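Asks: Below: one structure in structure tokens.
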Amino acid sequence: MKLNERSLAFYATCDSPADNSGFLYKRGERHTAYHRRWFVLKGNMLFYFEERDSREPVGVIVLEGCNVELCDSAEAFAFAIRFGGTKSRTYVLAAESQAAMESWVKSLSRASFDYMRLVVRELEKQLQEMRWGLAGGCGGSREPPGPWKPKPSGMEQSRERLPAPPAILPKENGCAVWNNALGAARPPDTSGCGGHDEEESPRPPPLPPRRRVSNGEAASTGAVAESPSTFCRLHEQYSREVARLRQDWQQRQRGPRP
């Protein structure tokens, strides 16, 4: 693995928050002596410095494909970071107290991306189980939970529940009427009011009975339609009658002339 030293040095000393930090005793690779170093854990990278105020780290340990476990050593509170492979190095570290050792072992065991991947999968599984439980408790679908889908809005739900209108609407008295093609095979509603069917979808109210026109009314209607000046003549006749009655009333109010 190739790493940029300047980028690592900047990342180790920048102001980004560290997951853990503190002094640990590190055993040398060639010599078994322990050296006190300042360790900083950021993500899956464990940096160690000679002193706490050092500007650059002495080394870095990439915590991928490794196991953190306790080990027997001359130093108390010792633990090891072991990597897979025959030629891989094992890092032996020792804390200053039992609490510090437990804190470092826990934080180092959770630093790898493999661990984060397992945590994300477990959380996704718990979330699906919670959705499955809520759906079963509310009387919803009994199918196993699948990928998350957005709930349709109220307008989309109403569109899905309304029946599709026919291609050509039937007409009655020259006007188009609503004839539910899906419910044509069902018996008509004799209750006299519009209700809901078994699927709770609204049904249109029943149509009023057709009014049949008699021959006399048709003849009178045709006569009026044929003479458009009839209204004008009637208006003039009644206006003259009203004017005459008004004049007689005014004369009676004035009384007889001397």
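Cβ coordinates come from backbone N, Cα and C, glycine included.
Reproduced below are the annotations present in TrEMBL:
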type   : residues : note
DOMAIN : 17-113   : domain 'PH'
REGION : 136-160  : region 'Disordered'
REGION : 181-230  : region 'Disordered'
Asks: Please count the residues of the domain 'PH' (17-113) that DSSP assigns to helix (H, G, I), strand (E, B) and coil.
Replies: 13 helix, 41 strand, 43 coil
Asks: Please give the average pLDDT for the domain 'PH' (17-113) in this predicted model.
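Replies: The average pLDDT of the model in the domain 'PH' (17-113) works out to 92.
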